[in-house]
């Protein structure tokens, strides 16, 4: 029977790899066209984080140069 530590390690590794594979705009990562539903929550989180100025808290979000929908100003 696998130990709790090894199961936890495998789950964390799987989550890190799956996030890296479906992060849009990241250089060198695979863009899997069949996984649009997996990308949607991440892009929604990034849009909200960039809009509220909290994009720096999420390393997978790229907020530079995106227009702020509310004020039409450039987000930093």
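Cβ atoms are placed via backbone N, Cα and C, with glycine included.
These figures come from a predicted structure and were not determined experimentally.
Annotated features, as they stand in Swiss-Prot:
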type	residues	note
SIGNAL	1-24	signal peptide
DISULFID	46-61	disulfide bond
DISULFID	50-63	disulfide bond
MOD_RES	64	arginine amide
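For the pair formed by residue 50 (disulfide bond) and residue 61 (disulfide bond), distance between Cα atoms is given as 8 Å, rounded to the nearest Å. Neighbour counts were taken as the number of other C-beta atoms within 10 angstroms of each residue's C-beta; across the disulfide-bonded residues 61, 63, the minimum falls on 63. Counting in whole angstrom, residue 64 (arginine amide) lies 11 from residue 46 (disulfide bond) by their C-alpha atoms. Sequence-distant contacts of residue 46 (disulfide bond), defined by Cβ-Cβ distance under 8 angstroms and a gap of at least six in the same chain, are 55, 58, 60, 61, 62, 63. Take the CB of residue 50 (disulfide bond) and look out to 10 A: across all protein chains shown you find 22 other CB atoms. A simple way to gauge crowding: the CB of residue 64 (arginine amide) has 10 other CB atoms within 10 angstroms, across all the protein chains here.
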